Amino acid sequence: MFDKTLAELAGGLAAGDFSSVELTRSYLDRIKNEDAAYNSFITVTEEQALSQARAADERRAAGQAGAFTGLPIAHKDIFCTKGVRTSCASRMLDNFIAPYDATLIGRFNDAGAVMLGKTNMDEFAMGSSNESSFYGPSRNPWDTERVPGGSSGGSAAAVAARLAPAATGTDTGGSIRQPAALCGITGLKPTYGRVSRYGMIAYASSLDQAGPMARTAEDCALMLGVMAGFDKMDSTSVDREVPDYRLTLNDSLEGLKIGLPKEYFAADLNPAIAEQVHNAVREFEKLGATVKEVSLPNSALSVPAYYIIAPAEASSNLSRFDGVRYGYRCEDARDLEDLYKRSRGEGFGDEVKRRIMVGTYALSAGYYDAYYRKAQQVRRLIQQDFAAVLADVDVIMGPTTPQPAFRLGEKTSDPVQMYMEDIYTLALNLAGLPGMSIPCGQSNGLPVGLQIIGDYFSEAKLLNVAHRFQQATDWHQQSPIEG
Amino acid sequence: MQWETVIGLEIHVQLSTRTKIFSGASTAFGAEPNTQACAVDLALPGTLPVLNAEAVRKAVAFGLAVDAEIGKRSVFERKNYFYPDLPKGYQTTQLAEPIVGPGHVDISLDDGSSRRVRIHHAHLEEDAGKSLHEDFHGMSGIDLNRAGTPLIEIVTEPDMRSAEEAVAFARKLHSIVTSIGICDGNMAEGSMRFDVNVSVRPAGSDTLGTRTETKNLNSFRFMEEAIELEVERQIEVIESGGEIVQETRLYNGDTKVARAMRSKEEANDYRYFPCPDLLPVIIDDSYIEAVRETLPMLPDQWKSLFIEQYGLSEYDASVLSSTPVQAAYYEEVAKRCGDGKLAANWVMGELAKYLNQNDTEIGASPVAAEQLGGLLERIKDDTISGNIAKKVFEVMWSEGGSADEIIEAKGLKQVTDTGAIEKIVDEVIANSDKQVEQYKAAPVEKRGKMLGFFMGQVMKATGGKANPGAVTGILKQKLDALCE
Amino acid sequence: MALERSDVEKIAHLARLQIREDEIPGYTGNLSNILALVDQLQAVDTDGVEPMSHPLDAVQRLRADEVTEPDQREALQAAAPAVENGLFLVPKVIE
């Protein structure tokens, strides 16, 4: 059962092969037995999951089941869930029971989905390895000495370890695609504005976007169909029709124009990854695609631009955590300033504090123009690079990460080294474009991810491209789990 | 040395919307603490702002009322600082691209002169909550009901030269924002709050002195007192060889004492940047024209109407146009009785007296404009005298009813029948030998003044109902006949 | 750009973060490295480039002025560290 995809499980529920309660209970049992090795869940919501499963079964019995009814999934612990701890993997919110549901959670609830629990992540989504979690790092199911990537590492590990058939993630600089690549699963970061951000705890508001993480493109299509759509509670949500992503999955790739940015295959790319990516591209040629080299000349600037813009927005977004209305509050504050400084100093971990300080510095008097304004200008240049290339090709392909999963602790002492992990993924968030990572090979037994980038609101095309690849290959079926 | 005072104002005007600027929570005043602070207002993790259409409309209406450029593209920014009444740790406001650009307001001063005060800009922003300092075992209590209430902050150029001018401007602004219905104008509830920037310089100098900012003045009187006190203080400091320190000050209207604020002594670094949760607000010409069409008569428009149509003096027209309710009231009275000056005298005289004595706003006057107009009509057509009208008015105020009803019920109709008046005059003369002798003995030019006694007697005898003009004529004729 | 200890202290104060004395050298080093990374931007010619605040060229949507949020004080204050009479308590605020 655990090797089944969401789509297959949906078929099983529809055919009456098993009930949602049975399905849910078996996943809950599996989490209970196996997750100690991966630490992929922060909170398991057993009681709520079973009650949702019972409701789903009743709904099905009443003939009112939809495509998602009764399917169990996991949610990144960045989404507010009413009555359930929503920690953002931070000591700051260790005791925070959200009093409301994020729009995305509401949409899954309305679709009849079952929430298994809340997955581990980097604290406030700041990290590329899951090591900044207050609850300890999640581990890569392919090698538990290695990181699952981040920040949606718990979601990626849970899906890869077959503890959940699918999970939600968020992606501010690669936080869906990079862990998907490192854990050998399929992840999609939609166009900025496609999925509501209401109730998703903000890291960098102009970059954050939620998306699906699952084993296949088809499952991502199913998930995105529930997640995507206009939300009047989010001013940056886009009021635009959501297509049925499943309908175009099998469209032919004959004549598909693929661009390979030469900057993504530069010297710092691990040769084994380069090889796997090129193999995948040859597979697309077999499916009828044509390939050309393209250039994104400013792509190297995405790292410095991102590490100004994201921390700047974060420094402001995280000011609300002040120990006054919710969240961690230090003991025996001497005065107001002491309350602020110690609550925040004790409540936030190192990486969060670092980014808050970088952002505070970049926005401070005398530095705004040199840092923040400059970064926003470079952001425009990066967007223009993509616009020029996407006028010419249908999708851009390249590696998701410069190397496969690295060892726990390998990069924690040097933040800059950690930041370079996202060199291929950051630019997309700066531009607001959609992108996917799909498994396309292995290197020394570790998965390698192929990144596919498309134009604004081209999610259906990306899913189609990924799905056809998955019909032709079996990298997405490789499992780290024996038996 | 002669000193010149330079004053600029920053005014926070709460917009009278039903809901907050970025959330659907109510803005009603006086609710139990934190019962009107929703998840967005409390800055719960994950919450996001959505802009209130009415706040935008009201800000644009203000811009049009002060003849300002409207920002067709305005951008919200975050002003970052930590304070317990600021739940997000930043205030969402506008800086580089405000919704209202440069405009102006003309004020009239008591000496009859007028002055133009330029508006630098006005921007939309959110109000903060309140810190309550009553003692909760050494703690302060935070009420966030007010947090997120829409404000426009109006910033003037330093164009005022005295407390009198600043107050005249403040009153004028109050009348504008209430006229166009964007603010309830309730100063006691903090609906309008003034920050005054004051500096002094040697008369004739054209460089500005160092200024101080006195914050959060919520009455015209406190504003006047605070400015006068601060000007005095600054002159004293400079004349005794000191220097003015740029600082934020607080004025306590109860104790009449001002002091520098303690909490914001460190130089603030607000780290403004465009708010990524909100997109640029774009306004086009058709929107602006639609707002313009909804604007009611403004004080200046009322004022010119009163001068041109009813021949009022500049001063009377200013007073009567100072609030939209008063202007509309006056206009109705004037229309009804057909005599603008009579109407002005009554609205500013008898009516104002009663309103003052009873601490009542003109909008809540028990005597409606139509009633008063009807009363004045009866003066005009000689049904009653001005004195009787005051009696009618008194009844009207306390018991209600139209002028005609009251005149009828109380039998106050003026006696104009010459025969009847002659009869009474004869009786009065017959019973006033001593006064008649004095009248006869007086030089001709002083006799006029002596008519008063006889007049009083006639009125007494008629219960005030005799037509004073007719009585005067008959008295004069009969007395003078006796002198021949 | 290399930061001094005093810079870190100033930033930490602006951000209201307590940094322990023994942590300051670590932060000073890390932040200096990060700033060295982002300083790459200084070499880029961005003359005349319009800064980009949002990925999408969209405009602000306006909400009707209708009350949609009823009183939920009890639920919303359930997570509060210190509340009395419906007020959030903080150490004394001095103006």
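Easy rule for this one: first residue shown is 1, then count along the chain.
Cβ coordinates come from backbone N, Cα and C, glycine included.
Worth saying up front: this structure is predicted, and the values here are computed from it rather than measured.
Feature annotation from TrEMBL assigns domain 'Amidase' to A:22-463.
Feature annotation from TrEMBL assigns active site, charge relay system to A:Lys76 (among others). Counting every protein chain shown, the Cβ of A:Lys76 (active site, charge relay system) has 31 other Cβ atoms within 10 Å.
Among residues of the same chain six or more beyond the region 'Disordered' (A:130-154), those with a C-beta under 8 A of the stretch's C-beta atoms are 37-42, 74, 76-77, 87, 89-91, 94, 119-123, 160-161, 167, 169-172, 175-176, 178-184, 187, 213, 349-352, 401, 405-410, 412, 445-447, 480-481. TrEMBL lists A:130-154 with the feature region 'Disordered'.
When Cβ atoms from all protein chains are considered, those within 10 Å of A:Ser151 (active site, charge relay system) total 35, not counting its own. The active site, charge relay system annotation in TrEMBL covers A:Ser151 (among others).
Annotation source TrEMBL lists active site, acyl-ester intermediate at A:Ser175. According to DSSP, A:Ser175 (active site, acyl-ester intermediate) sits in a coil region rather than a helix or strand. A:Ser175 (active site, acyl-ester intermediate) is surrounded by 37 other CB atoms, counting those within 10 A of its CB over all protein chains shown.
Across the domain 'Amidase' (A:22-463), the prediction's mean pLDDT works out to 97.
The two recorded residues, A:Ser151 (active site, charge relay system) and A:Ser175 (active site, acyl-ester intermediate), have Cα atoms 5 Å apart.
Secondary structure from DSSP puts A:Lys76 (active site, charge relay system) in a beta strand. According to DSSP, the region 'Disordered' (A:130-154) comprises 2 helix, 3 strand, 20 coil. For the pair A:Ser175 (active site, acyl-ester intermediate) and A:Lys76 (active site, charge relay system), the Cα-Cα distance reads 11 Å.
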